[in-house]
Amino acid sequence: MPSYTVTVATGSQWFAGTDDYIYLSLVGSAGCSEKHLLDKAFYNDFERGAVDSYDVTVDEELGEIHLVRIEKRKYWLHDDWYLKYITLKTPHGDYIEFPCYRWITGEGEIVLRDGRAKLARDDQIHILKQHRRKELESRQKQYRMENLFINRFMHMFQSSWSDFADFEKIFVRISNTISERVMNHWQEDLMFGYQFLNGCNPVMIRRCTELPQKLPVTTEMVECSLERQLTLEQEVQQGNIFIVDFELLDGIDPNKTDPCTHQFLAAPVCLLYKNRANKIVPIAIQLNQTPGEENPIFLPSDAKYDWLLAKIWVRSSDFHVHQTITHLLRTHLVSEVFGIAMYRQLPAVHPIFKLLVAHVRFTIAINTKAREQLICEYGLFDKANATGGGGHVQMVQKAMQDLTYASLCFPEAIKARGMDSTQDIPYYFYRDDGLLVWEAIRTFVAEVVGIYYEDDQVVEEDQELQDFVRDVYMYGMRGRKASGFPKSIKSREKLSEYLTVVIFTASAQHAAVNFGQYDWCSWIPNAPPTMRAPPPTAKGLVTIEQIVETLPDRGRSCWHLGAVWALSQFQENELFLGMYPEEHFIEKPVKEAMARFRKALEAIVSVIAERNKHKKLPYYYLSPDRIPNSVAI
């Protein structure tokens, strides 16, 4: 009678093993086997990290093996199991791999296909078509997208700090780090300007091509800041003026959840100047959108504390936009949209599923945790942030109007803000490193696409792929035509770009705006999560005492510090870009493409390390060895 050798690999993570009964049956082209209990006498099967082999004898020839069915039944108590893969040695000596890489919970059954990636057109056998369809039907019941973006969204600590030095009581001082340098230099204009290029929100700054009417600044106002004997308009024409506009915050309701603490928001417009040393410095700040006598334009030539408080208001506004839009909406929630669409529309055997699954790892889980602990009612946003109590939801609703496909294409986004010239803007490391990583991802993705799609027609005719793209458009972007998200993809080039957007957003973009939070936001005056007094309406009245009273109280400062510390940490056993320990792909050409991808990433690591060697403020957030594969924190 034919005999098969079945090798079963259990995961190595905590609690991956099981004492439950595990049954296996084989489904082949010529028939199905009986259910076999995988058990060895006097042996503890399926221990954590174990690779166990079993001989399975069947009554008759099964033909080509299409599926492996695994059943888990309770032994004593329910005992979850993480199955990595199953390898089958056939009676003819062939080896077939069946990747799983998932938890089997309760008394469950899973059906595995072999690891070769297949488009729907490649499945001509009824049982494989049926398996493909049932897998998607099950996932579409499990993963839903309704209202994904905006759905579900301390008296003893309310004393003020004494002065700026008092903030050091909760500040974790680590020598020779960026956070310590921020603490020592946060009041300087150079440090203020640098953060718009290479801080944790480097996506707001844009080249100013025309002075906005809502900011009636004149050459006379900023003359002492200009270094080229040109008028302000001439500096604009020469490309030396930049702008950061927090218009999004205009009209957002401040947090009113705590009746004992008034909290305030502003919507500043900040004008910046590239000096002759090619450094970016602020030259004018207006704290609200509508000009007028009670909305003065603050200048570097004003009194010291007038100018300092204006900059603090900008830093606080930048923090709010960073947390809610740059970080939450444009990485976490967008990646969740891609992940849910993938699970709903692409079966595990599809090559695009195999390509993307590592880049949505834990994303839905971490976002669920955020909804339950951070952005929920009485969550951290309500406790510590001026946008809590519903303001953050208003922000997301407004920002959705500007969430476009082009804005997620890194090179296009940089160019749209006029920030693409390395000669004109030489110290924009976020741009430089991001372009290197984008190109490495795009090259790798194009190789994988080329392996499975021999021409554009195959792309266009892949209905599962088209359903995936349409799901993102219809449910994630609510069918909003202005978003520019494609409803379908008709070429290999566009498919490669689309998949690059998915992977770059989940990996590099998230790393760039997440892991620098402790560096740049732990010194509270540099990134206040709330302000306890309204923006000043006149010049010459600000005192140091007023600034300290405006900054967050002790309780909110502690909540904030704990949050930015936690958000800046890597996961235990983090998987970084280019690492694919779960072998969903078994084909040699894809494995070779992965090896080339890793080599390209290693070269980028070397380039960044060499540049950072002697820098007091190194930029390393986009070094591939610090970019996790997915949004998981």
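Cβ coordinates come from backbone N, Cα and C, glycine included.
Record features, source TrEMBL:
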type	residues	note
DOMAIN	2-118	domain 'PLAT'
BINDING	Gly17, Asp79, Asp80	Ca(2+) 1 binding site
BINDING	Asp39	Ca(2+) 2 binding site
SITE	Trp103	site 'Essential for stabilizing binding to COTL1'
DOMAIN	145-633	domain 'Lipoxygenase'
BINDING	His327, His332, His510, Ile633	Fe cation binding site
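Features recorded in TrEMBL, as mapped to the structure shown.
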{"residue": "Gly17", "record": "Ca(2+) 1 binding site", "contacts (Cβ under 8 Å, 6+ apart)": "Thr10, Phe46, Glu47, Arg48, Gly49, Ala50, Trp81"}
{"residue": "Asp39", "record": "Ca(2+) 2 binding site", "contacts (Cβ under 8 Å, 6+ apart)": "Tyr21, Ile22, Asp45"}
{"residue": "Asp79", "record": "Ca(2+) 1 binding site", "contacts (Cβ under 8 Å, 6+ apart)": "Thr18, Asp19, Asp20"}
{"residue": "Asp80", "record": "Ca(2+) 1 binding site", "contacts (Cβ under 8 Å, 6+ apart)": "Phe15, Thr18, Trp103, Ile104, Thr105, Gly106"}
{"residue": "His327", "record": "Fe cation binding site", "contacts (Cβ under 8 Å, 6+ apart)": "His510, Val513, Asn514"}
{"residue": "His332", "record": "Fe cation binding site", "contacts (Cβ under 8 Å, 6+ apart)": "Thr363, Ile366, Asn367, Ala370, His510, Val631"}
{"residue": "Ile633", "record": "Fe cation binding site", "contacts (Cβ under 8 Å, 6+ apart)": "Ile366, Asn514, Leu567, Gln569, Phe570, Gln571"}
Fewest other C-beta atoms within 10 angstroms, as judged across Trp103, His510, which are the recorded positions: Trp103
Confidence summary for the domain 'Lipoxygenase' (145-633), mean pLDDT rounded: 92
Structural state census, the domain 'PLAT' (2-118) (DSSP three-state): 0 helix, 60 strand, 57 coil
Neighbours of Gly17, Asp79, Asp80 excl. site residues, C-beta within 8 Å of centre, Ca(2+) 1: Phe15, Ala16, Thr18, Asp19, Asp20, Phe46, Trp81, Tyr82
